[in-house]
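Some notes on the structure that comes next.
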Amino acid sequence: MSGLGRVSGPGRVSGLGRVSGTLTRPAAGAAQTPPAAGPPVPSSPAGVLRRLRSRPSAVLSAGVLAVLVLLALAAPLLTALAGQDPYAYHDELVDSARGGVPIGSFGGVSADHWLGVEPGTGRDLFARLLYGARISLLVAVGATLVQLAIGVAVGLAAGLGNRFTDHLLSRVTDVMTALPMLVLGIALTAVVPADFPRPLLLILVIGVLGWGGASRIVRAQTLTLKRLDFVAAARLGGNGPWRVARRELLPSLAAPVITYAAILLPANIVVEASLSFLGVGVKPPTPSWGQMLSNAQTWFRADPLYVLLPAGLLLVTVLAFTVLGDAVRTALDPREASRLRVGTRKEDS
Amino acid sequence: MIRFTLQRLGGAVLVLLALSVLVFGLIWLAPGDPAKLACGDRCSPAQIAQVRERLGLNDAVLTRYADFVRGIVAGRDYSTGTGVLRCDAPCLGLSYRSDRQVTEVILERLPATASLALGAMVIWLAVGVGAGLLSALRRGGVTERAVTVLTLAATGVPVFILGLLLLMIVCAYLRWLPFPSYVPLSQDPEQWAWNMLLPWLTLGLFESAKYARLTRASTLETLAEDHIRTFRAYGVGERAIVGRHALRGAVPPVIALSALDVGTMFGGAVLTESLFGIPGLGKTLIDGVRVIDLPVVTGVVLVMGAAVVLANVVADLLYAAADRRVVLS
């Protein structure tokens, strides 16, 4: 697969795509040029790692994320170590006369409650933040996998199929990218039975609504790849289209797909937090950062930590993913780094 | 250009049709009996049957979809037992909760959303485009570094965190402003503006990072083009080069993206509205979801989707009008 990471398809870029393409170009311009000693083969794993290691920002954000993932994985262990439970109420730790403000300084920080307690309920904040990280990462990773699975399947089918298939699938992809994800996600959560597991619902909703970008990238790559000699050779060797797709194309698609996953992950974290913030995501008592932030609005002065902790965690996570994603993109393919961003859709408002 | 326009419009119609199928499927797939939902908890079976008849829920799915689309295009009539309730085009159905027409509800909420979007646009055009231009023209200076770092840090920050922090600092600690509570423009323009200030800032600054990067990139790109070098070689002053020629290249993408963003926000800045309690379309959607008022939910989704799709077309056309190469490709 060496050398293939460089190849980037012309793709069918709409006017909108052109706009966002211009928009994201500075990312590549702003990034430092990779070390001149870098190998000419962009996608060899060792080269990629070396390039990543040479950027302090990438190392730092990878470290932050590693700690975060470890904390999330070890959440049950750590909360047990602290002797806490994210769901246990502690009425004795909040001042009911003052509307439920935690007793003690800094939101009730104590030897038992390392980061204080939740106002109103007295639940341990450390435990809830950690369990919130689990939800956040679980939904983001799950949704990204669903998006990539659908995107790769549709993109491959469009790129390899005949003109009719390609046209049809491309139109469907256009529609998917044009629809506002947050809005449809909110509407979808309204019509699903209340007892459906929420994290799974969020994974499916975000995954099913957000595969358009991945599909575009895979299609463009496939169109380019299938004209190359080694694919033609494989086909002439008597391999069927599926075997060619699996053995020859998929490995070469890995680099752009990984790169795009790095863009999707932080975006999906934000979507989950947004949905939970709006009250249509994870349901209480399951802890989630977005939900905490929505509750925190009434405690600005009485308990600022209750706002700052989940907000800070969310910001650091998203920022670390973004910086690392940017670095991975540049490391995988310095020259084409900016172009892969064309399919990005930024959920705003 | 005409062909390009028609192509884009045709595509938009297609997307809207797909959206209508999706939205209709949503109601159809929803668990629970819509008639029971619409009627309320204390309805007798006879009353529920009556509601079902009135809403046309007994018809086949395709008939119902056809009625749904016909309602949007030509309006439709609902029989209310005693008489006929006329729902004029574009009829998006009747609210389960209030028996009001969804179109009416949406029209009532639109001004709040529109004023939020337009105010935010003023801010991102001033702050975002200004910062982008500055950093492009003062290369290598402190300004450029500051803008680059700030925009990178701001990318990916969820808008509600920005809003929460602004609320916390400006309202809770500095007490420069009271906590915003929406006042309609028609009621008291001055109070309206003061209460909208923070939502505008939140949304405007949130978008500014994007516009700063876009402006910087397109300005630098234009400045690097051959014709600019030629102007320089001819001795044209730097001021004229920037003001007359570089801006010409930098502005089209900004306009196109602005059209797109305003459209998306007309479709509801759900998070900002929810955070600041602005009774716009986004809040209508969330409220509709909370009380399972499906016609309101689907109506709002359709309108929001239409806004985004139309904004896409407008952005494409504006871009094409500014840069003819787009039409030819």
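Every residue number used here counts from 1 along the chain in the order it is shown.
Positions of Cβ are set from backbone N, Cα and C atoms, glycine also.
Away from its own ends, the transmembrane segment (B:12-30) comes close to residues 61, 64-65, 68-69, 72, 294-295, 297-298, 301-302, 305-306, 309-310, 312-313 of its chain (Cβ-Cβ under 8 Å, at least six residues beyond either end). Summarising the annotation, TrEMBL assigns transmembrane segment to B:12-30 (among others).
Here TrEMBL flags B:110-319 as domain 'ABC transmembrane type-1'.
A Cβ distance under 8 Å defines the sequence-distant neighbours of the transmembrane segment (B:116-137), meaning residues of its chain 6+ beyond its ends; these are 143-144, 146-148, 150-151, 196, 199-205, 207-217, 219-220, 223, 242, 250, 254, 258, 261-262, 265-266, 269, 272-273, 278, 280. Sequence annotations record features per position, and here TrEMBL assigns transmembrane segment to B:116-137 (among others).
What TrEMBL lists as transmembrane segment is B:149-176 (among others).
Positions annotated as transmembrane segment by TrEMBL: B:192-209 (among others). Beyond its flanks by at least six residues, the transmembrane segment (B:192-209) meets 115-117, 119-124, 127-128, 131, 150-151, 154-155, 157, 159, 162-163, 166-167, 170-171, 177, 180-185, 261, 265, 269, 272-273, 275-276, 278 of its own chain at Cβ-Cβ distances under 8 Å.
Residues annotated as transmembrane segment in TrEMBL: B:254-276 (among others).
Per TrEMBL, the feature transmembrane segment maps to B:296-319 (among others).
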